[in-house]
Amino acid sequence: MTTTKRPIALLILDGWGYRENTHMNAIYHANTPVLDRLNAQYAHGLISGSGLDVGLPDGQMGNSEVGHINLGSGRIVYQELTRISKAIADHEFEQNPALCDAVDAAVKAGGAVHIMGLLSPGGVHSHEEHIEAMCRMAVARGATKVYLHAFLDGRDTPPRSAKGSLSHFDDLFTTLGHGRIASIIGRYFAMDRDNRWDRVSQAYELITQGKAKFQYDNAVTALEAAYERNENDEFVSSSAITDSEGKVASLNDGDALIFMNFRADRARQITRSFINADFDGFERAVTPKVNFVTLTEYAADIKAPIAYPSENLVNTLGEVLQNRGRTQLRISETEKYAHVTFFFNGGKEEPFNGEDRILINSPKVATYDLQPEMSSTELTDKLVAAIESAQYDVIICNYPNGDMVGHTGNFDAAVKACEAVDACIGRVVDALAKVGGECIITADHGNAEQMTDETTGQAHTAHTSELVPFVFVGRDATIDEGGKLSDVAPTILHLMGETIPAEMTGKPLIHVKE
């Protein structure tokens, strides 16, 4: 006999922070009658999703990967940014075996050391201080041909802010006496995660062959030309930078290629294009045999040396539910599917026993301000059906809209995105009420609550460090103040009457009144 479940749903509203300032605050200006009603009727508060509370440096804005790892693991997880920065400060980085082996092999073969990654101080996917440390280490170990392939940000940083970084690295290479910036391209192309291989192929051709839409003798000149074409950092077309003899850099057999992004989701596709023998995303004109190293683990099926392998997280929420014989569902759109699965499970790719997954394709549009509702209606259709099926104890769902549309910098579209999500929440809450279920509504980090940079006047496309909402739609309860994302998993187990494993250092935030 099938037991009917009374589920607890965790709705993660991606990029949905709380901000007192209402100026260009898309969440404040959106018409959200459902959330307004829930906040009036049910216990609610604010929790932290940034900085030290999620294992990032003090004051560092949160991000989706970090947020979901903390949400799912029930503990503060020391993030890769902090871990690698500490290794650099302690002079351990320059002795890292995977990095040293790749550089030494290239030097011995008379080859080049190619370093690629998001050249940004954003700290979300990478940090330019890590890239600088890698450049210094390569030269210190005898590399005379060091080529930096810079992916430009403008998403976790202001839209036109790359000039300072490029100038700094030009100066760095002059100081080191070796190396140069070999190419620049926007992250829109190099860091796609939605199988838009036509974008990734442009980055691949740029790095392997120096084949580009544009060619310049200086990276800053290339950037200024992109701005003249009305391309912000994120969207800069492939631009090869020539040396003093007018030659472009190319990737050749025996070279080292080191990928300096520490966040996995937007690093996977381009990595597979370099290392998978059976790769079929696009036609590769050349496939040089290189020593490829990833800074962190991007996926279990990516077979390359890893400078900083993942630390094993035991007894995450998913694992505890499996071990207690509970059922669970993970559901989101393409853009955040990895977050409710891989990241929520502490970096584990395979589903746990009793864990089902539903993937809804994100719309195929150039940027999500063109369709701010994204695929939220279809996502909610599937979610409501899953709730009504009464076969899951716990449901984890991510609505990407606030973050993905917030990143475009389009205020009006972000308002529409928030309104679309609010309508969907209404349907989910109604479905849960019919089966006696309960719901926690929260976010992984802020974004849509700040759509303009108060200092520069530019569009604000990055995440924020604001607190995020925490609403319990269920029994009469109180909510503790001062919570953080790592308190959410223990809270769910507490509501289910389950014991909380010792590995979870977070504390239950919700206390049901007797």
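Glycine too: its Cβ is placed from the backbone N, Cα and C atoms.
Binding site for Mn(2+) 2 per Swiss-Prot: Ser64, Asp444, His445, plus Asp14 from the candidate set Asp14, Asp101, Asp104, Asp487.
The annotation in Swiss-Prot ties His125, Arg155, Asp156, Arg187, Arg193, Arg263, Ala264, Asp265, Arg266 to substrate, and of the candidates under consideration, Lys336, Lys348, Lys364, the one tied to the same site is Lys336. Remark: of the binding-site residues His125, Arg266, the most isolated position is Arg266 (fewest other Cβ atoms within 10 Å of its Cβ).
Taking the binding-site residues Arg193, His407, His445, His463 in turn, the residue surrounded by the fewest other Cβ atoms inside 10 Å of its Cβ turns out to be Arg193. Put simply, of the binding-site residues Ser64, Arg193, Ala264, His445, the one whose Cα is nearest the Cα of His463 (Mn(2+) 1 binding site) is His445. On the backbone, the CA of Arg266 (substrate binding site) and the CA of Ser64 (Mn(2+) 2 binding site) stand 12 Å apart. Put simply, of the binding-site residues Asp14, His125, Arg193, the one whose Cα is nearest the Cα of His407 (Mn(2+) 1 binding site) is Asp14. Proximity note: of the listed binding-site residues (His125, Asp156, Arg193, Ala264, Asp403), Asp403 have a CA within 10 Å of the CA of Asp14 (Mn(2+) 2 binding site), given in sequence order. Using a 10 Å Cα-Cα cut-off around Asp403 (Mn(2+) 1 binding site), the binding-site residues Ser64, His125, Asp156, Arg193, Ala264, His445 reduce to Ser64, His445.
Cβ contacts within 10 Å of Asp14 (Mn(2+) 2 binding site), excluding its own Cβ and spanning all protein chains shown: 28.
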